[in-house]
Amino acid sequence: MQLFALLTRTAALPLKALIIIAAGSSLFNVGIMILVNRAAQDIAADGVDDVNWLMAGLFCAAIAFYLVFELRLLSRFAVLVEDAIHAVRCDIIQLLRDLNLADRDRIGDAELYDVVTQASDTISQNSQYIAIAFRSAILVVAILAYIFVTSKTTFVMLTFAIGLAGFVYMRRGQRVMQSHMSVAQDDQRMFDRITDQLDGWKEVRMLRPRRIELADAFNASVDRAAEGRITVQNASFDLYIFGQLALFILLGVVVFVVPSYTDISTGNLAKTATAVLFIIGPIGIIIQAVAVLGSAEASAARILNLENRLEEFSSATDSRKPVNPKAFAGFSRISLEAAEYEYTAESGVEPFHLGPVALHVDRGEILFISGGNGSGKSTLMRILTGLYAPSAGQLTVDGRTIGAVNRRDYRALIASVLSNYHLFPELFGLRDVSKDAVMEQLRYFELDDVVGMENNRFVTLDLSTGQKKRLALVVALLEDRPVLVLDEWAADQDPQFRKKFYRELLPRLKAQGKTIIAVTHDDAYFDLADRRVHLSEGMQIEAGPAPAAEA
Ligand SMILES: Nc1ncnc2c1ncn2[C@@H]1O[C@H](COP(=O)(O)OP(=O)(O)OP(=O)(O)O)[C@@H](O)[C@H]1O
């Protein structure tokens, strides 16, 4: 059972303690039943006289003890479940943080959000059912033991009937569980459509047919998800009805079949019938729990499935030893030696292949990378930044190959603004940078009027495209690392600032000893580069001489 595997993954279930608490709760529950039976027997024998205070007192005491054990069981289980969910969420986020970019690209956001939020919440919200079902199972055993003592024939008949009904019930329960899994997939598709709507807000607004078709697609995904839910609910309801029916049959067996086929006494028949009435409650709870736990089981399966995939990826990822930021601090040359990269083929489409590429950049140099759209520049930058591992050839620093063991040390050399960069509202990882240093950079990038800092947070990120890119470069420069990697940074800048970037900032950074690797289409500034690599359709071709013209 996946749910059990998930709950016991981080710490063994304290089964002994739980059984003791559940047994305590069941014991007092059975005690209540025996007291009721006994009181009924006394009344039948002696008629109703005064209140039997001893029995009433014992009855109240049994209820009080039952409550104490029951509450303890529920709270213990809640802590257990929350601990397990917390641990699994942390594990998944940790595994995700450690993923290579190439593997990260293969995990859908919808699946990730589902696992970290919805699937975990489903388990958390249903945890009390696990506890109550566990207690109910023990209670059923205890009541059956009582029936065994009262009438062995009834016990055999009941055990057989409960076993048969339980078998059929569980088989039907598996089908419900499969329906839960397909509902989760429908939900993920619906989430993708919502993302399309939110991310494509402007595009949707601008083209009415797009709005209509996207709305149709969204409605279809919502309908599908709703249909799936109805199927699950109907199946759960069927299961519940089947369970109830089985219970009535059970009662019928005791009242009609048992007296006819056994020599049970009237007194024992009454006791057994009461016991069956008492067993109906816990069996009913187990029935309800199985129906509800189907969704928890499906959620646990989704969580463990994602975790397994992440673990598979992480076995091929970078070493977990602590990063040594000084490992390559004194480097002289970064090189790519016949490096190649190929994306994973998706549904029959020929994957893009980069390389072989051979290049080097020496400390303090400026390397430009140029090429047409889709020629592989960004892919090359991801290799140069250590985000992608080359599928052939190698990335080296002063002859040392960069691989799984030292890739994180290598990345500590580099600050970057890549394509699809993300601006964080806070200066994460830059706590030691003074506010003055930040303000100085903001002034240099002419952002001080629009972006302020408060408590290490930017006051706003509501900026123009070019301003956002400037802010991303501010953050990269504050990282103060020896190598700066920029992917078409100047593309969104106005001509004045573009000139300032090429003619003032880059030479200044070079003078400070920074190594700069930049993707650029600005051929008017190619003369700045110490060397240039040109790509065409993934192949490295000889870079032409840089135009001498001053922009
Ligand atoms: N995650 C990915 N999975 C599969 N293929 C990809 C992926 N990212 C990019 N590609 C493919 O790799 C090729 C090169 O993309 P890349 O982004 O490196 O080009 P580029 O030179 O930076 O283009 P541009 O100038 O348009 O930004 C493209 O044809 C693209 O389809």
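Here the Cβ of each residue, glycine as well, is placed from N, Cα and C on the backbone.
Bear in mind that TrEMBL entries carry predicted annotations, made automatically and left uncurated.
The following features are taken from TrEMBL:
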{"type": "TRANSMEM", "residues": "12-36", "note": "transmembrane segment"}
{"type": "DOMAIN", "residues": "17-295", "note": "domain 'ABC transmembrane type-1'"}
{"type": "TRANSMEM", "residues": "51-69", "note": "transmembrane segment"}
{"type": "TRANSMEM", "residues": "129-149", "note": "transmembrane segment"}
{"type": "TRANSMEM", "residues": "155-171", "note": "transmembrane segment"}
{"type": "TRANSMEM", "residues": "239-261", "note": "transmembrane segment"}
{"type": "TRANSMEM", "residues": "273-294", "note": "transmembrane segment"}
{"type": "DOMAIN", "residues": "336-551", "note": "domain 'ABC transporter'"}
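Sequence-distant contacts of the transmembrane segment (12-36) (same chain, at least 6 residues past either end, Cβ-Cβ under 8 Å): 4, 55, 58-59, 62-63, 65-66, 69-70, 72-73, 76-77, 80, 134-135, 138-139, 141-143, 146, 274-275, 278. Proximity of distant same-chain residues to the transmembrane segment (273-294), defined by a Cβ-Cβ separation under 8 Å and at least 6 residues beyond the stretch ends, is recorded for 3, 29-30, 33, 36-37, 40, 126, 129-130, 132-133, 135-137, 139-140, 143-144, 146-147, 150, 158, 162, 169-170, 173, 176-177, 180, 232, 236, 239-240, 243-244, 247, 250-251, 254-255. Confidence across the domain 'ABC transporter' (336-551), taken as the mean pLDDT and rounded to a whole number, stands at 89.
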